[in-house]
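One structure below.
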Amino acid sequence: MFKNDERYWDINLLNKWFGISSLIFLFCMVWMFIDDNDDEFKIYQKKFRELEIDITQNKLDKELEAVKDSRKEFEKRLAGAQEKYSSRANEVASIEKALSDFQAKFYKANMNYQGQKAIVDEIKFLVESENVHESSHAKGHRGDYDKALEELDKLQLKKENYEIEIKDNEEKLKALNNELKKSQDERDFILRDVKIADGKLISLDRSRMSFLNKIGDIVRDLPILDFMDPYYKVNQIVVKDVHYDVNFTTMPVVDRCTSCHLGINNPDFIDTEQPFTTHPDLALYLTSSSPHPLESFGCTSCHAGRSRGTSFVSSAHTPNSPEQKHEWKQKFDWEKIHHWMQPMLPKKYTEANCFKCHMNTSDLAGAEKLNMGLTLVDKAGCNGCHVAANWPSSGKTGPDLRKINKKLNPDWVAKWIQNPRSFRHNTRMPSIFGQNNQTTERMARRNINEIASITHYLFNNKSLDNGRTTTRYLGNPLNGEKIFQTVGCMGCHISEIDASLAPPPTTFSNLTKLQGPNLIGMGSKVSAEWLYNWLKDPHDFMASTRMPNLRLSEQEAKDLTAYLLDSKIYDFDKSDTPEMDPAVLDELTVDWLQKMNPEKFAIAKASKMSTKEKLTFVGEKSIRHYGCFGCHNIDGFMDAKPIGTEITYQGSKTIDKYDFGLFHDIEHTNFAWIENKLRTPRIYDRGKESDPLDLLKMPNFYFTEDEIQAITTAILAFNTDRVGEKLLAHEKLPEYNEEGHRLVKKYNCQGCHLIENRGGQLVEQIGPAEYGPPNLNTEGKKVNPNWLLSFFKDPITIRPNIQVRMPSFHQINDKEWDTIIKYFQSIDDENIGYRSDHIVNEKSVEFHAGKKLHEIGACNNCHFYGTEFPKQT
């Protein structure tokens, strides 16, 4: 049969494929629906709900057990009160009936009173009008007014009588109910925690809910319907004072971390696993009573990461170690978000973000790693070679070399530059030469000639006058050892030749011991004459020194000189002095000249230079090349600029700006790059073919792993992150607080004294606290600023029975002393700048009572009475 069908395709086939595609579309829609509602955070929230039910049930059981005996006693009392109340039920009913009757009568009497009062007010208006107009033609209303007032008084009296009856009956009823209520309140008080836990369980556990509540609890989390009030939802905190940059503006941070970290500020979850465990130290973080409430700081202001992420990967978590990274990949399919600028900081570096609010201190409670890192940045001189505007250098960390000819000899200096640790095992002087990018024979020869050139430059045009070692400057070394241990030298120095016994620079206390050098090998380094004169007055030799004057007598200085010179490093003394090779010196000279001139011109110019000129030229170039002036004052370099990369915002530098060289096995993160740079400063030259003058040149400090982590924390803290003024703790303190803190650090006051509850390690070495330097925690409140300034400028003996002495800091000027005094006052919340002299009334009762107490306590055995010397010294 002929088919008159104008369709190209068979309609039955089309219907079939339409049905199949509809089913596929339906399946995809359902799949999309499920996937859209199967968020990762909901899985954690469901687990947390189960955990919360268990913990709350355990808490309820514990509370019930804790009040078991008390509950029985109070319920017994309540039962007795209820029985007593029931026995007087007839009386209660009678009172309640009488009260109801009187209330009805009062209502009626009050309505009559109000009606009569309206009539009185009306007549009163007419009477007052008559009084004003004095019309003799109008009818008088005075009589009606008097009668109306008389009736009003009667109604008021009747109303008030009913009020009295009502009050009497209410008092009777209240008295009957009081005993019962008291017993109920006592029972409810001991059961308050039980009721809280029980109420929480009812809202969590569906088995405890009513049927309708169960239905509601299920329906509220269904797709589409969950827009109303779902249980499982994204928890977010808008942190108004913390912003992130979106190029042309900034936006408040929106933290969603608590969508998974649900027990973060609840102490009940302290023993649970991540992500439900409680945050450490709730007294300091997250709780509303802490200095860092969750609502004001959120999570990412401290931890960084992607604040709006709601899954493990999208939150930009960062593993703390390679082992954790492997574990996360197995458990969570973790991968790095490559284009997120601020991934979460590893746990070991979280303290870095404390710096954005606390830029004024390296004594921050709860941030020991950051404190140590900032201290090391100062002590190692990192901010001498690298500009760090947010943590600037407080001065050169190394000694002034402008008078080096009066202290050292060239042979010692050359061997010291070649390998500082061959003389002093824990020196802060880094090693410039003999590094992993200088291992070839050619580089070794160049290094030796650079050392010879630098040494020549330092002594150039200076006559050697480093003193003599004669008995004239030497005393008793045994007495010198006692002086070293008692007068205060150990507040800043150690003298430990055994590296295994030296205090590691991993604690604040140990860092204060290492303010000055380890005083070993002094007999191999300096002459007795120089050391004696230095001990007598360090400021006279080096005006920029941080070492104070201990006001040693001549004999004390001689004894101490003899003790220190007893220590020698014989292996160092026997080692060969680097000798200059003329051919290599020529090569170095030409290489440096070629930096500015054509090769032919460089060779010609070098050939005309004398050996001394070449040594001076190469020495000057080498000092500038390696940046020695970052730590030392050197003639010719007093205005030289730092040679290192600026690190003011190093923590915010994007990963593409870090040069990993030819390394692919180092994790490409900013902290990994910094760690390896500190561990092996020239590691990123590995495998490269570079001109000697283009090689990396950062010296090797041989930092320990703890030091590397601490300094990395500090460098990560130097970033562009900013918070609102409300959160800036350092802005809430006066400027002199920060300056005073830096001065206290610079001169190591905490090596001897306890300040802001930190430091005072010298007291531990001396023995009992009463024989050590005083605790300065309350110095700002305790001491008159005028007296304190005079004491700082000219220390006097206050406790002659102790041997440790307050040194004289002649290098500190009045302005700096004033800053330190204000700093002491600031940390003690003392607002009075200066005080008037104390006026004593010697005739007062208080004066005579005090005098008697002094006699009884024999205070003058240890203390001065004016100028009278203590009796027991």
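Each Cβ is built from the backbone N, Cα and C atoms, and glycine gets one as well.
Record features (TrEMBL):
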TRANSMEM  12-34  transmembrane segment
COILED    53-84  coiled coil
COILED    138-193  coiled coil
DOMAIN    368-462  domain 'Cytochrome c'
DOMAIN    475-568  domain 'Cytochrome c'
DOMAIN    735-828  domain 'Cytochrome c'
The answer for the transmembrane segment (12-34), taking Cβ pairs under 8 Å and residues 6+ beyond its ends, is 223
PLDDT averaged over the residues of the domain 'Cytochrome c' (368-462):
94
Counts by DSSP class (helix H/G/I, strand E/B, coil) across the domain 'Cytochrome c' (735-828)
51 helix, 5 strand, 38 coil
DSSP says what for the domain 'Cytochrome c' (368-462): how many helix, strand, coil residues?
50 helix, 1 strand, 44 coil
